[in-house]
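Quick look at what Swiss-Prot annotates:
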| type | residues | note |
| --- | --- | --- |
| BINDING | Gly170, Asp171, Arg172, Gln173, Ile174, Gly175, Lys176, Thr177 | ATP binding site |
| SITE | Ser374 | site 'Required for activity' |
Amino acid sequence: MQQLNPSEISEIIKQRIESLDVTAQARNEGTIVSVSDGIVRIYGLADVMYGEMIEFPGGVYGMALNLEQDSVGAVVLGSYLTLAEGMSAKCTGRILEVPVGPELLGRVVDALGNPIDGKGPINAAASDAVEKVAPGVIWRKSVDQPVQTGYKSVDAMIPVGRGQRELIIGDRQIGKTALAVDAIINQKDSGIRCVYVAIGQKQSTIANVVRKLEEAGALANTIVVAASASESAALQFLAPYAGCTMGEYFRDRGEDALIVYDDLSKQAVAYRQISLLLRRPPGREAYPGDVFYLHSRLLERASRVSEEYVEKFTNGAVKGKTGSLTALPIIETQAGDVSAFVPTNVISITDGQIFLESAMFNSGIRPAVNAGISVSRVGGAAQTKIIKKLSGGIRTALAQYRELAAFAQFASDLDEATRKQLEHGQRVTELMKQKQYAPMSIAEMSVSLYAAERGFLQDVEVAKVISFEQALIAFFKRDHADLMAKINEKGDFNDEIDAGLKAGIEKFKATQTW
């Protein structure tokens with residue numbers, strides 16, 4: 001039997017003690033007390049921040065939303081089925097970030113910026129916080145450059161400018177998404193980057209929008225952020241903020257971007273669900289008290305920023321360029337009720353609204369824009385010169401027509417002036433109709449509006465107004481291509497362009513059929 005020398009034993013113990021790694025690791029850790037409906041209550045997280053990322057076992061993350069005296073209420077980002085009571089939860093010291101940059105263009109991502117289109121990983125060079133403070137008053141510039149939607153009724157009567165927030169509001173299935181998607185398609189050659197955020201939509205609807213953008217050649221210029229109806233309420237609530245951060249990347253570097261939120265009613269519903277599960281007190285229509293702030297802090301981030309802001313943000317790399325983020329939020333109403341809680345909130349936050357009416361849609365007037373109650377509060381300053389000059393009488397003609405049409409139902413004999421106004425109104429209403437996925441250029445719109453404004457439609461039958469317009473535009477494209485190019489390039493209106501349009505339409509009416 002081998003005998004151990006006591007000095008050897010003490011030497012071995014000494015070596016073991018010296019090689020022991022006893023570096024202390026400070027970690028803020030807590031224990032899950034309850035898990036239900038995507039909400040986790042955690043005990044023991046002392047130094048957690050509001051909105052901080054919390055790490056759970058298995059690579060699942062959550063976000064702290066309720067900081068109470070003895071526990072923290074967090075919402076799980078993704079599936080919570082693997083979590084159970086008694087598991088540990090760690091603070092990360094980070095707030096939620098998403099990837100940003102041109103690498104995301106042409107891709108479909110979820111609310112956390114992960115690709116879901118099967119085209120491989122996105123190697124974005126940068127990431128940014130989902131929740132950011134909007135630029136201050138000093139850094140903003142007034143809106144004076146247009147965003148062409150390609151719709152006659154919108155660009156002529158309710159113009160949208162770069163950096164504006166223009167609400168699209170109406171009942172379900174009356175063309176709200178179609179209008180926004182057409183606005184994105186129209187930007188493919190304008191240099192404006194686009195972000196389309198789908199909140200609580202059916203996956204088939206999102207796939208359809210992506211396919212249409214691809215067919216029109218606009219997907220390469222667009223980021224699609226999708227939080228479909230099958231996603232958790234937390235991701236539907238976060239998706240608009242994530243999309244906004246992706247759009248701000250371009251704004252802050254002196255570029256122009258357009259973001260569509262489709263739709264914010266569903267985001268409010270998702271937020272209501274989270275708030276009620278977190279046991280926050282409900283208010284009107286069971287929405288929490290801060291539902292106004294939910295939308296105001298999102299929409300205030302859409303703005304036009306000054307050259308100084310861009311220069312400061314890029315550390316002098318970009319000089320003399322303003323940046324803009326234009327927002328087109330969509331709100332769905334119930335039976336045309338614009339006085340409900342969320343619609344009134346968003347109307348008061350935005351710089352105007354495009355109101356779509358189901359009665360007009362059902363009677364075949366598409367896009368179903370109600371010119372009477374639609375308004376753009378700042379877009380007038382941004383309108384293209386030629387469109388501004390030619391669209392002056394359009395809104396008046398439509399407003400007078402709707403008033404007189406209601407009156408004419410009861411009157412048997414009408415005087416000549418009233419009859420002329422009615423007939424002109426009918427033709428203008430017909431002219432405002434437009435097919436989906438067929439946005440018009442400034443020149444095409446100008447030809448159309450010039451014909452209406454200068455009385456060239458008076459002898460055209462109401463039923464033939466659309467075919468007249470199509471033939472007229474085709475004629476101008478063929479025989480007056482230089483004039484069309486000049487209008488598209490500058491958007492100016494002068495005596496030369498006036499004479500060119502007049503001569504062209506007169507020649508068309510004398511020589512062509514429609």
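The backbone N, Cα and C atoms fix where each Cβ goes, and this holds for glycine too.
Rounded to a whole number, the C-alpha distance linking Gln173 (ATP binding site) with Ser374 (site 'Required for activity') is 18 angstrom. When the binding-site residues Arg172, Lys176 are compared by the number of other CB atoms within 10 angstroms of each CB, Arg172 has the fewest. Annotation for Ile174 (ATP binding site): same-chain Cβ neighbours under 8 Å, separated by at least 6 residues, are Leu356, Glu357, Ser358, Phe361, Ala368.
Candidate binding-site residues: Gly170, Gly175. Fewest other C-beta atoms within 10 angstroms, Gly175. Straight-line distance linking the Cα atoms of Ser374 (site 'Required for activity') and Gly170 (ATP binding site), rounded to a whole number, equals 11 Å. When each of the recorded positions Gln173, Thr177, Ser374 is scored by how many other Cβ atoms sit within 10 Å of its Cβ, Gln173 comes out lowest. Within 8 A of the CB centroid of the ATP site residues Gly170, Asp171, Arg172, Gln173, Ile174, Gly175, Lys176, Thr177, the other residues of that chain are Glu332, Leu356, Ser358, Phe361. Residues near Asp171 (ATP binding site) in space but far in sequence (CB under 8 A, at least 6 apart, same chain), listed by position: Glu332, Thr333, Gln334, Ala335, Gly336, Leu356, Ser358.
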